[in-house]
Amino acid sequence: MKQITLFPLLFSNFVGTLGFSIVLPFLVFLVVDFGGNSVIYGILSSIYPAFQLIGAPILGRWSDSFGRKKVLLISTAGTLIGWIIFLFALYMPKFDLIDINITLIGAFTLSMPLVVLFIARAIDGITGGNVSVANAYIADLSNDKTRSKNFGKMAISSNLGFIVGPALAGILGGTFYGNTLPVIIAIFVSLVAFIALWVLLKESNKAIKEIPPVQKDSVQRAYSYECKECFNPPNPDKLKFKDIFKLKYIPLLMILNFFIFLGFNIFYTSFPIHAVSSLKWTITEMGIFYAILSGLMILVQGPILRKASQRVSEGNLIIIGSFILGVNFILFFSNSIILIYVAAILFAVGNGLMWPSFMSILSKFAGKVHQGAVQGVASSIGSLASIIGLIVGGFLYNSIGSPTFLIAAVMIFIVFALSFSILKIKRTFETK
């Protein structure tokens, strides 16, 4: 595959990730300013995956039937609209709707700007099938030799967005414009992503669109026999959610996918709260941390992953990466800045080895016909785990504080233990 083929997708993936990551350093501050607490922060964070859980399978099946490009455009347009509403929330009069004080979730104020933030995240989430469709696009254009490398490129483009986004937010957040300017940039890059996809991206899934429907009556008239179902081209729309789990080897991968997202999202909720409440970090310090973390992940998912994949199987890379990730989350339990940055290095290495390898194996087992549907269900399961992880992470940190990171570590060590089964099924798959 020529590199130019993937450029529009990689570029749009970069700007889309940048648009998401640019609010990471200040979202927790914004929630507090609007009257929320750590639990509300976790719930707000869960709104995107909650609505993505609904939309991703539908968008995945649509991409199998109508093409990847159209669905990617729909998804990107939803992101753009979501950010415009997000900006509107910043300029709304801050009036309170209700004060709540419950032992389980603590005291907080539900304000109108906070409600609008929830609406913005919901709209972005319902159209948020871009990741699963982009993964299906990569799978369409990949073979066994290039699959892992191409998913690595996708991971690099995402992480590059995670570098630029938080770094910009850290710098711009300290200016006179405060939180407004980063959100305006998020709107701009979402618009750029939409234009890039519309103008530059070529459709990768033409096969299904180009297969004409079989006319049973004409076949019967010509050959005078009953038209069997085998004469019908595959129709991914007929593949229901539960049918995905009947595909061979897919259930185990979906279980792994669930625990990966669960562990990550317990961490994703807890760390910003931990950084603000325990480490006393500012927006700038938060931005620097996320930028360094993503820079390390690019290094791992670029030259390091490329060399590692030539010497180590994808299954073993998942095992090694998940173990390193589990250790990383344990180190976040500390309040030591040095240990936290050591954990960031382990995070980059573990995630950089594990995630592209996992996505490569998932796409290989999904096959060509049901690629979009499988990726859509995987995205939905990831969204479900994200919802649980983000909400539980907020509740846990509100209750027990930094030991929440140990629970995230347990989730990843479950992935480590289950990953040994991949070696067996991968050998079985490759001998067929």
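Every residue gets a Cβ built from N, Cα and C, even glycine.
The feature domain 'Major facilitator superfamily (MFS) profile' is assigned by TrEMBL to 5-427.
Annotated transmembrane segment per TrEMBL: 7-32 (among others), in sequence order.
Residues or ranges marked as transmembrane segment in TrEMBL: 38-59 (among others). Beyond its flanks by at least six residues, the transmembrane segment (38-59) meets 27-28, 31-32, 71, 74-75, 105-106, 108, 114, 117-118, 121-129, 132-133, 241, 265, 268-269, 272-273, 277, 373, 376-377, 379-380, 382-384, 386-387, 390-395, 397-398 of its own chain at Cβ-Cβ distances under 8 Å.
Below 8 angstroms of C-beta separation, residues 12, 16, 19, 23, 59, 62-63, 112-114, 116-117, 119-121, 123-130, 133-134, 137, 179-180, 183-184, 186-187, 190-191, 193-194, 197-198, 201 of the same chain, each at least six residues beyond the ends of the transmembrane segment (71-92), sit close to that stretch. Here TrEMBL flags 71-92 (among others) as transmembrane segment.
Distant neighbours of the transmembrane segment (98-120): 30-31, 34-40, 44, 47, 82-83, 85-86, 88-90, 92, 395, 398; these residues of the same chain sit at least 6 beyond its ends, with a Cβ under 8 Å from one of its Cβ atoms. If you look up TrEMBL, you'll see 98-120 (among others) marked as transmembrane segment.
Under the heading transmembrane segment, TrEMBL lists 155-177 (among others).
The feature transmembrane segment is assigned by TrEMBL to 183-201 (among others).
Same-chain residues lying 6 or more positions outside the transmembrane segment (249-268) and placing a CB less than 8 Å from one of its CB atoms are 45, 49, 318, 322, 325, 329, 332, 354-355, 358, 361-362, 365-366, 374, 377-378, 381-386, 388-390, 392-393, 396, 404-405, 407-412, 414-415, 418-419, 421-422, 425, 429. The transmembrane segment annotation in TrEMBL covers 249-268 (among others).
Per TrEMBL, transmembrane segment is recorded for 288-305 (among others). Counting residues 6+ beyond its ends, the transmembrane segment (288-305) has Cβ neighbours under 8 Å at 21, 24-25, 148, 152, 155-156, 159-167, 170, 275, 281, 317, 340-341, 344-345, 347-349, 351-353, 356 in the same chain.
If you look up TrEMBL, you'll see 317-334 (among others) marked as transmembrane segment.
Cβ atoms under 8 Å from those of the transmembrane segment (340-362) belong to residues 135, 147-148, 151-152, 154-155, 253, 256-257, 260, 279, 289, 292-293, 296-297, 299-301, 304-305, 308-309, 314-315, 317-318, 320-329, 331-332, 334, 374-375, 378, 422, 426 of the same chain, restricted to positions at least 6 beyond its ends. For 340-362 (among others), the entry in TrEMBL reads transmembrane segment.
Annotated transmembrane segment per TrEMBL: 374-397 (among others), in sequence order.
Annotation comment: TrEMBL describes 403-423 (among others) as transmembrane segment.
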Close approaches to the transmembrane segment (155-177) from elsewhere in its chain (Cβ under 8 angstroms; 6 or more beyond its ends): 10-11, 13-26, 185, 282-291, 293-295, 297-298, 301-302, 352, 355-356
Long-range environment of the transmembrane segment (403-423) - Cβ separation under 8 angstroms, sequence gap at least 6: 252-253, 255-256, 259-260, 262-264, 266-267, 270-271, 274, 313, 315-316, 318-319, 322-323, 325-330, 332-333, 361, 389, 393, 396-397
